[in-house]
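Going by TrEMBL, these are the annotated features:
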- J:26-88: domain 'V-ATPase proteolipid subunit C-like' (DOMAIN)
- J:110-171: domain 'V-ATPase proteolipid subunit C-like' (DOMAIN)
- J:E75: site 'Reversibly protonated during proton transport' (SITE)
- J:20-44: transmembrane segment (TRANSMEM)
- J:65-91: transmembrane segment (TRANSMEM)
- J:103-128: transmembrane segment (TRANSMEM)
- J:149-174: transmembrane segment (TRANSMEM)
Amino acid sequence: MNDSLIAGKALILAASAIGAGLAMIGGIGPGIGQGFAAGKGAEAVGRQPEAQGDIIRTMLLGAAVAETTGIYALIIALILLFANPLVGLLK
Amino acid sequence: MNDSLIAGKALILAASAIGAGLAMIGGIGPGIGQGFAAGKGAEAVGRQPEAQGDIIRTMLLGAAVAETTGIYALIIALILLFANPLVGLLK
Amino acid sequence: MNDSLIAGKALILAASAIGAGLAMIGGIGPGIGQGFAAGKGAEAVGRQPEAQGDIIRTMLLGAAVAETTGIYALIIALILLFANPLVGLLK
Amino acid sequence: MNDSLIAGKALILAASAIGAGLAMIGGIGPGIGQGFAAGKGAEAVGRQPEAQGDIIRTMLLGAAVAETTGIYALIIALILLFANPLVGLLK
Amino acid sequence: MNDSLIAGKALILAASAIGAGLAMIGGIGPGIGQGFAAGKGAEAVGRQPEAQGDIIRTMLLGAAVAETTGIYALIIALILLFANPLVGLLK
Amino acid sequence: MNDSLIAGKALILAASAIGAGLAMIGGIGPGIGQGFAAGKGAEAVGRQPEAQGDIIRTMLLGAAVAETTGIYALIIALILLFANPLVGLLK
Amino acid sequence: MNDSLIAGKALILAASAIGAGLAMIGGIGPGIGQGFAAGKGAEAVGRQPEAQGDIIRTMLLGAAVAETTGIYALIIALILLFANPLVGLLK
Amino acid sequence: MNDSLIAGKALILAASAIGAGLAMIGGIGPGIGQGFAAGKGAEAVGRQPEAQGDIIRTMLLGAAVAETTGIYALIIALILLFANPLVGLLK
Amino acid sequence: MNDSLIAGKALILAASAIGAGLAMIGGIGPGIGQGFAAGKGAEAVGRQPEAQGDIIRTMLLGAAVAETTGIYALIIALILLFANPLVGLLK
Amino acid sequence: MELLDFLKDYLQMADPRALVIGASAVGAGIAMITGIGPAIGQGYAAGKGTESVGINPKTGDSSRFVMILGGAVAETSGILSLVIALILLFANPLVGLRGMYNVMAASAVAAGIAMLTGIGAGIGQGYAAGQAVETIARRPKLQGQILRVMFLGQAIAQTTGIFALMVALILLFANPLLRL
Ligand code: NA
Ligand code: NA
Ligand code: NA
Ligand code: NA
Ligand code: NA
Ligand code: NA
Ligand code: NA
Ligand code: NA
Ligand code: NA
Ligand code: NA
């Protein structure tokens, strides 16, 4: 492999490391949102302990929906690290 | 392919990795918003367990609307990684 | 095409990839806002199930308005990726 | 056109792509704000369905005001992409 | 114009494009704030429809005050793009 | 003027353009804060229309206090653009 | 190992250090969210000390869900630091 | 050690310093969250001084959970500074 | 010391300065959180002046917990500035 | 990549002091972002002050006084950032120095970045001001007691902002990195 190809691949791989790190910042959202749901869930359970099952089920259902963008970010980061489609485009 | 073309393609592909990572930051929004909806949904179910079906349907409908920009971001990231239209423009 | 033109085009296309990624960060806003609307909508439906139709219509109307800047961001990103007007200016 | 002019124009056009992307981040504001309005509007309609017309009119009026900075951002991005006044200054 | 001057001007103009984009991020504030005002206004109109005129006037007055920094940002961006005082300092 | 001075001045002026853009991000604060005040003002006027004068005076006074840092940012940006004290340091 | 390979590996490893740091920013989310849950939990326990067990269980369950994106971020950072898959791709 | 190795190591160590700094930004989350818990705890103690023990225990338990991502960030920063695994990979 | 070593050290020291600055951003969290605690404390004392001692003790305990990530950030910044372990690794 | 090399060569041609001066412009711009904090906080206080005047019109003067007093404390980090920006622009201690110019440039930017910490104090202190205003409107007789708690809490919320100011001042006036 010549020097120019090495330099090019290195640049793409370096950028992939930074891209993976940036993607994880997206996890701020689910963290805040699900924590809010946890707080509201705890409050609701305190007020209506008899509805505990329904409250927790709703909280978990809503939290699962809120997780999706965190999962998207994780998948993009894992693709950048373990199945990098970009570095192969440099031929 | 000459060195100058290799260097150019490498730069575009490196920037695409970073662009994909940046896009995932957009997922903060749906994460916070849907988590808020989850918390309010859990609270509402605790107060009116008999309206559980209506509450959860409204929560999920609203959360689906809140997901869209997260999906846009995912699509842009996937385009940058798997169907990069930019690198082909360098001829 | 000479080397200097290749290098110039590559720089513009690389910056376009990053610009598209940055634009998607704008999606944070609609995500948070519409999620808030979803939560308030679910709460309101729990309190007045008989006004469910009006509540959901208002929530969706407001959420549609809140989507616009997310759409603007998507359009700018798509222009940068698929109809890049900048790279043609380099002659 | 000599190499130095090509390099200069390329630099300006690349920065314009990034500037356009950065501008779209401004759309976070209207998205959050209008979503808040949507949520409050839905809540209010649930409480006073008979005032629905007035509530929605006020919500939409306020949301229109909240849209302006998103429009400013879009205009700056479109200028950078389609009517770039900077690249012409390099002679 | 010699190469060094061309490169210098290009650097300033490129930075101006990025500066204009950064400035538009300031629009997040008025968007959130005015949206909050819209939501509170809609709520207040729902509660006291008879005070609608006063409520909307107060909302719009407050929103006008909240717009100022968005206008400042727009002006700085427009100066950078259309009346750039910096590039002329390079002689 | 020799090339080294031109390059140095160009660097400073380019950085000033970015500095001016960054400063305007500070405008997020007054926008959010004053919008909150506007919303509370609209709510208060709806509840006590007879105290409207006092309420609006207080809202405007508080908003004036919240404007200051936005003004500081504008002044710094204007200094960077129109009375740049930095470029003269390089002789 | 030749110079070009050393330079390439160094770039990837340097970017990995920055990527690891960026990833940790994602921890903002769980920190805010779980703190909210802690506050709501404390409030709820104060109001219904007899439901303390249920409240704390719900709070901890919700907080565990909110932790996930923080864990994702930690894993990506640890992979970048201790099991870097990118540097091996440069051959 | 040859020049190319020195330059490479310096780049990795420099990036590690920036990575360590970036990681500490993650501490924003626990700071906000635990402060919220502190406020809610103080409020609850004011309302039910007799439940002070339970309230403070719940607040501290929740705050401990909210601290974790701050600790992760600290650990990553300390690894980058004192047990840097990346610089040794450059041989 | 040869030129390459000097250049390398300078790069590490420059990055350490930036790292120290970035680390301090983590202090945003305690500022917001403790201010929230202060506000809730003032509110609680206004409602139950007789519980002032307990309220302030709880507020201070919670605020001390919220300070930790700010202290971590300060320590990392001070290490980067006064006891930089990275620059010694460049031999 | 010859274009980037061209740029690098061009910038290396520049007087190295230009890097420090340019970085100071960026640092000053970054410092001004700090104003987000005080403004959000004071806006919150303004909203609570406005609400309080509606709740208890008789104590309007007191509400406005406490709103401005609490807001003044929240202004601190905005003023400190403005001072750092003005130092960077008009009394820059790094510009006259000789030596590692890239370390000086990084320090100028870092000083601005560090000041961003004040966003937190500004928001937090403004929130405290807002709660105090509202509470005092409801219990005017307790004004002294409530204000004492507000000031105590605001002082605690300022600490990380002070740490950041110290780091910024060290970077500008007593930079230990330049001595290594
Ligand atoms: Na989601
Ligand atoms: Na959406
Ligand atoms: Na909109
Ligand atoms: Na507006
Ligand atoms: Na304003
Ligand atoms: Na102010
Ligand atoms: Na999660
Ligand atoms: Na945690
Ligand atoms: Na802590
Ligand atoms: Na503090």
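Backbone N, Cα and C atoms are what each Cβ position is placed from, and that goes for glycine too.
Taking the domain 'V-ATPase proteolipid subunit C-like' (J:26-88) as a whole, pLDDT averages 97 in the prediction. DSSP labels the residues of the domain 'V-ATPase proteolipid subunit C-like' (J:26-88) in these numbers: 60 helix, 0 strand, 3 coil.
For the domain 'V-ATPase proteolipid subunit C-like' (J:110-171), the DSSP counts in helix, strand and coil order read 59 helix, 0 strand, 3 coil.
Other Cβ atoms within 10 Å of the Cβ of J:E75 (site 'Reversibly protonated during proton transport') number 25 in total over all chains.
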